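J.: Handing you this structure, nothing more for now.
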């Protein structure tokens, strides 16, 4: 885990199409509904037995279809600072533009591995015209057609060559939770970090020659042992302003991927915003434990139970269908309920390793399934005969049925909700698999 590839380039060169091709995503990338575009900004790529994360940096830029030099520069600086490999996408149909040259100049000055991707190369003649991208001074251009997938295999092979070697066996104590504190800028991440670990946070700031792998710092606070997950770049200021919202999302990726439990900080004075949903989505996609903290609760005047209930309902509604997570109202500045945060993180971590005996699972679940069976499909009745928990890091359950292919997503959610109703998995995702008996 932890290798990160960023896609950069001016608008309309095919970055999103390439992203969808590499992640094998089938989502409509032009959907306008709120929340529908966030899936295309972050994904996982599997190639030749290895896996890495990929981000389309343009996905977090508001109005990214407008060609603003400043916004393009920000994207490129983010990629240079955070990614292991940068894919610089250019449009072979339009050729080199002044904006392309500006991006290339920034990339040349960096020491980051860069692959020039000449997109929309559909035939032999196009291959010849792609030679003009040598003018970037960034090595051989890789000719692809993102729409059809032509050339992407060679591109991925090259990405594999440039990615840093995977780490060997970890020296971490696997019995201790790895905590990542994530959230939008100014939501209170630094204040909570300081409340947890005080002034020693600067002791581990500078590690010469460090890669972009996550840093694990072990702490003991309030009698609880834990690791705080950080990334090499997160404590230093780069050329990109720290308060850029999409920058904070990209910086969260490594910490999330290398954690067990994520503390998602929300600002009580602002509620749930689009970047909160982006970060939540990444936590979900990586099947991490979740504790949601409503910070700056000291600034809210009306703290009545009615207001608290309204806050809770609004937040769970925004994060649906996953709503079974602890939600704490805190103030990192005044240290209100700080111990409760760590205590809850440890509880969520324990829930991830909950094991239910098979006989008990069947004793509870089979009568429920018999009373509310899966809907019949094409006149055929679906019968679930048996259920067992799988030996996985994330709680996972296999239900054995005669026609597993006809069990739809709503019924899987029903099964998950029944498991949650009978056993405490608060804060941790559950995977439901339907297999043939």
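First residue shown is number 1, and so on along the chain.
Every residue gets a Cβ built from N, Cα and C, even glycine.
Features from Swiss-Prot:
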type    : residues                  : note
BINDING : 9-16, 56-60, 119-122      : GTP 1 binding site
BINDING : 183-190, 230-234, 295-298 : GTP 2 binding site
DOMAIN  : 3-167                     : domain 'EngA-type G 1'
DOMAIN  : 177-353                   : domain 'EngA-type G 2'
DOMAIN  : 354-437                   : domain 'KH-like'
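Buried or exposed, and what's around them? Tell me for each listed feature.
T.: The Cβ neighbour count for residue 57 (GTP 1 binding site), using a 10 Å radius and every protein chain shown, is 27.
Look at residue 183 (GTP 2 binding site): DSSP puts it in a strand. Here the Cβ of residue 183 (GTP 2 binding site) has 25 other Cβ atoms within 10 Å, regardless of which shown protein chain they belong to.
Looking only at the domain 'EngA-type G 1' (3-167), the predicted model's pLDDT averages out at 79.
Residues of the domain 'KH-like' (354-437) grouped by DSSP class, helix first, strand second and coil last, total 31 helix, 21 strand, 32 coil.
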J.: Work through the binding-site residues one by one (15, 189) and point out the residue whose CB has the fewest other CB atoms within 10 angstroms.
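T.: Fewest other Cβ atoms within 10 Å, among the binding-site residues 15, 189, is found for 189.
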J.: State which of the following binding-site residues has the fewest other Cβ atoms within 10 Å around its Cβ: 12, 186.
T.: 12
J.: Just how many other Cβ atoms lie inside 10 Å of the Cβ on residue 121 (GTP 1 binding site)?
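T.: Here the count is 23.
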J.: Provide the number of Cβ atoms within 10 Å of the Cβ of residue 297 (GTP 2 binding site), excluding the reference atom itself.
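T.: For residue 297 (GTP 2 binding site), the count of other Cβ atoms within 10 Å is 21.
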J.: Please report the Cα separation of residue 297 (GTP 2 binding site) and residue 57 (GTP 1 binding site) in Å, rounded to an integer.
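T.: That separation, Cα to Cα, works out to 32 Å.
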